[in-house]
Ligand code: SF4
Ligand code: SF4
Ligand code: SF4
Ligand code: FES
């Protein structure tokens with residue numbers, strides 16, 4: 001309200017010229033209401049968030065996600081290129097060695113510590129452009145508010161994509177006879193019997209075992 | 001970084017005029033084209049070229065177009081681009097680099113493309129990424145896209161060369177910097193170029209690669225702790241000079257990126273050499289240390305200990321808060337308390353016993369710390385009972401020697417002097433005890449400017465690398481051998497002579513006297529090389545019972561008056577007790593307490609006796625105050641423990657063995673206080689503020705050096721041998737805790753003796769020997785070597801097994817040897 005009257009008051013010269021002397025002066029105080037009235041008949045754009053949620057644009061830059069290969073291994077190699085690319089210095093990464101007993105990603109290196117500080121992130125997407133393994137992508141989730149600073153520094157556990165049906169929980173070895181390049185080229189399509197056997201031996205209670213067994217069986221039939 | 005071979009001093013080198021990219025310049029004859037260009041600010045890309053290594057021309061990245069005048073003076077261009085790192089300038093030469101010549105530029109582009117053909121380009125997971133010359137060069141001079149469509153050559157990666165050094169052969173560009181360093185500088189050719197053509201690779205002795213049947217041809221003494229052929233104490237330098245990420249260290253691997261790191265120049269704290277280092281840290285954690293560049297000291301090299309051993313400063317047993325005894329009577333366990341409380345307790349305990357207290361300040365501190373200790377002892381404790389020596393030592397003879405010839409002598413013999421001299425090493429094994437001296441001597445030896453003579457029980461591997469002449473001496477006979485020596489060196493006296501005496505020589509009675517006499521006889525200069533970073537500073541600060549700062553003798557009245565004038569407090573006049581005297585007095589109840597700092601029980605000549613002395617003084621109601629970085633056997637015995645800062649958390653100055661001040665700044669700004677600050681607070685609390693103890697060198701009469709005649713050498717009976725031992729660079733020292741990768745590269749612990757000794761002891765064919773001393777026995781693999789007859793050599797305290805330290809015997813003592 002105050003804005004429209006200000007605007008009206010801001011252009012008195014023009015109005016005066018348009019409507020002419022005395023009549024213009026007379027109508028000036030109510031001219032602003034014209035804007036008000038005309039808007040009353042337009043469709044409303046108020047979103048009833050959070051009761052009604054509209055999808056974002058499909059390529060909206062939302063919360064990050066650290067992706068996995070189909071067998072469950074992480075794609076992130078801890079290279080810190082995302083951290084390097086970040087103009088807001090929101091990303092913190094520490095790499096570590098993959099070992100036969102503790103293999104998190106294909107190849108020699110994985111991201112042991114991974115944090116994104118959403119108080120800093122400006123959602124520019126430069127990090128996902130920098131990622132050499134397409135480990136880092138952005139989703140459409142924009143609900144990133146919270147009462148504490150700590151809560152808004154997302155850790156690797158929070159950022160990692162959940163294990164979908166058929167993926168095997170990490171750590172576990174790479175598919176036998178493959179290299180990190182084969183993974184990158186998409187030649188690994190799911191966990192193999194050897195990987196499942198390894199997890200069965202190391203972590204018999206792993207909840208992803210059942211799904212992985214099924215996935216491996218279906219693939220074998222196919 | 002601009003000279004390859006320093007011109008022999010004193011010779012005038014004629015200048016040669018050359019033109020580089022249209023700029024005329026004059027450089028000394030023999031200068032390489034790449035350096036001449038550098039001098040006028042033209043950077044030619046390079047990988048294999050390194051100013052401290054011999055030219056190799058291996059990578060071909062430095063190609064330039066060269067034209068030289070022919071006999072008629074017409075300029076003729078060489079038919080092909082030339083490697084500027086191997087080509088010396090010649091008069092009238094005209095060089096066109098990539099900046100002015102298309103030929104050179106195209107050649108460099110071609111070489112870059114070739115180098116990248118088999119390169120994995122896995123920069124994202126490569127430790128060198130972000131500081132990689134190849135990456136930088138490829139960005140600056142390479143093609144944006146590859147034309148290579150075939151399959152790249154791959155190798156299993158990484159190949160562990162030692163527990164610390166990992167090799168990724170795919171990334172190697174075969175520049176041979178690593179092999180040239182190992183061969184030319186360190187003298188440990190443990191890696192070499194193997195195979196030919198596309199399969200050419202760097203590797204260790206690998207029977208698979210070499211098609212060689214059988215084991216690596218090394219002896220039992222040349223294996224490291226992990227069972228690999230012994231690598232090198234300097235292997236970490238290869239990582240630093242590798243222009244790609246082919247060589248990495250297990251300790252730093254994948255830990256950080258160059259852009260995460262904050263670099264601080266500093267000084268290595270592990271020996272008295274004062275090597276310049278660079279400390280890289282991230283978020284309050286030191287992640288790696290690199291060699292700094294200091295031509296006057298360590299050039300660009302440091303030992304692996306200086307490079308990789310730094311986690312001791314933040315070990316789990318690091319003291320964070322002061323500790324005091326729980327309970328009313330002060331007999332309870334140590335509990336954490338506030339600084340105010342701890343200082344109060346310590347001040348009360350010390351003030352009550354003023355006049356019957358002593359100080360053992362250790363030899364690990366900075367000059368500032370040592371001066372504070374000196375002032376604290378004289379002003380607050382009111383005594384001269386102070387001794388920095390916490391190792392086998394030579395009592396009054398050594399103290400006199402240090403007071404007469406070392407304290408306040410300033411910078412005398414320097415590293416530069418070692419290059420171009422006949423050097424006698426007595427009681428010093430530079431590769432193990434002073435790595436930077438070793439490298440400097442070796443540089444001189446390889447250039448035939450230096451000759452080394454070693455006084456010792458056998459020609460060690462380190463001495464062999466110095467091509468040293470052995471002056472064989474069983475422990476205890478050093479003085480005798482030195483006395484019988486009239487000359488040394490290979491130059492008939494036209495080179496300066498230098499005698500370097502290690503701290504170990506002091507433990508041989510008469511050794512220092514004989515060494516000084518020999519130096520006088522042969523016109524040699526004498527220098528004392530201690531092992532610890534703070535030893536020289538301690539001598540300068542007067543941390544000896546007969547010495548005040550700047551080399552002032554306690555016994556000299558005018559010296560005391562000078563100190564009194566500077567400090568405002570008169571130091572006590574009576575000379576104090578030395579280490580043995582202090583420990584005896586503590587045991588006998590003559591002293592009521594001691595302030596200890598930076599001393600490990602294991603360092604002391606007789607740890608068990610020292611422990612008994614500290615226990616006795618506490619039992620008799622005395623006090624032990626300890627200033628320490630980490631919990632130790634001594635802090636466990638203390639009434640009050642005051643935590644002090646490790647070198648990374650304080651600023652200070654180390655004095656090298658030469659007497660060169662090496663100031664360094666704190667890496668982290670923490671709440672931890674250095675020794676000097678803590679002693680200052682304690683003195684305040686006691687009510688006697690510390691004066692600034694630094695003083696100029698003493699100009700007056702020095703302590704007269706003692707003349708000690710050597711006692712009769714030890715005579716081993718049947719079944720016995722004379723023990724020889726010293727500390728190895730990598731051993732069980734607490735400064736190397738928490739470094740498993742480094743520990744694996746330590747030398748394998750073996751017992752060495754001559755074949756004749758073994759025969760005499762009935763040990764023919766024995767694989768292991770047991771050596772028994774007064775406090776225990778150790779069993780080690782037996783290796784026959786050219787040791788002086790009747791002597792068994794053991795490492796002092798290896799990490800994996802017990803060494804001579806467990807025997808309770810010192811070098812020169814008689815020990816029992818059985819199979
Ligand atoms: S998310 Fe991608 S860019 Fe970031 S560290 Fe992992 S692999 Fe590297
Ligand atoms: S050596 Fe250099 S160019 Fe090669 S992978 Fe490592 S960082 Fe990249
Ligand atoms: S490992 Fe490094 S230093 Fe050694 S030859 Fe290869 S690239 Fe050169
Ligand atoms: S730098 Fe000249 S050939 Fe390598």
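Please read every residue number as a count from 1 along the shown chain.
Glycine too: its Cβ is placed from the backbone N, Cα and C atoms.
The shown structure was predicted, so the numbers you read here are calculated from the model rather than taken from an experiment.
Features reported for this protein in TrEMBL:
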type: BINDING; residues: A:76, A:79, A:82, A:131; note: [4Fe-4S] cluster 1 binding site
type: BINDING; residues: A:86, A:121, A:124, A:127; note: [4Fe-4S] cluster 2 binding site
type: DOMAIN; residues: A:66-96; note: domain '4Fe-4S ferredoxin-type'
type: DOMAIN; residues: A:112-141; note: domain '4Fe-4S ferredoxin-type'
type: REGION; residues: A:201-222; note: region 'Disordered'
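Location within the structure of each feature annotated in TrEMBL.
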residue : record                          : DSSP (3 states)
A:76    : [4Fe-4S] cluster 1 binding site : coil
A:82    : [4Fe-4S] cluster 1 binding site : helix
A:121   : [4Fe-4S] cluster 2 binding site : coil
A:127   : [4Fe-4S] cluster 2 binding site : helix
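Within 8 Å of the centroid of the Cβ atoms of A:86, A:121, A:124, A:127, where the record puts [4Fe-4S] cluster 2, the same chain has further Cβ atoms from A:82, A:85, A:87, A:88, A:90, A:91, A:116, A:122, A:123, A:125, A:126. Among the binding-site residues A:86, A:121, A:124, A:127, not one has a Cα within 10 Å of the Cα of residue A:76 ([4Fe-4S] cluster 1 binding site). If you take the C-beta of residue A:131 ([4Fe-4S] cluster 1 binding site) and look for same-chain residues 6 or more apart in sequence within under 8 angstroms, you find A:81, A:82, A:137. Here residue A:79 ([4Fe-4S] cluster 1 binding site) is positioned 12 angstrom away from residue A:127 ([4Fe-4S] cluster 2 binding site), judged by their C-alpha atoms. Nonlocal intrachain contacts for the region 'Disordered' (A:201-222), taken as residues 6+ away from its ends with a CB within less than 8 angstroms of a stretch CB, comprise 72, 163, 165-169, 172, 189-193, 195.
A distance below 8 A between C-beta atoms marks A:79 as the binding-site residues from A:76, A:79, A:82, A:86, A:121 lying next to chain B. If you count neighbouring Cβ atoms within 10 Å for each of the binding-site residues A:76, A:86, A:127, the highest count belongs to A:76.
The 6 Å Cβ screen around ligand 1 retains A:79, A:131 from the binding-site residues A:79, A:86, A:131, ordered by sequence position.
Cβ neighbour counts within 10 Å, taken over all protein chains shown, single out A:82 as the most crowded of the binding-site residues A:82, A:121, A:124. Residue counts for the region 'Disordered' (A:201-222) by DSSP state, with H, G and I taken as helix and E and B as strand, are 15 helix, 0 strand, 7 coil. Between the C-alpha atoms of residue A:121 ([4Fe-4S] cluster 2 binding site) and residue A:79 ([4Fe-4S] cluster 1 binding site), the distance comes to 19 Å.
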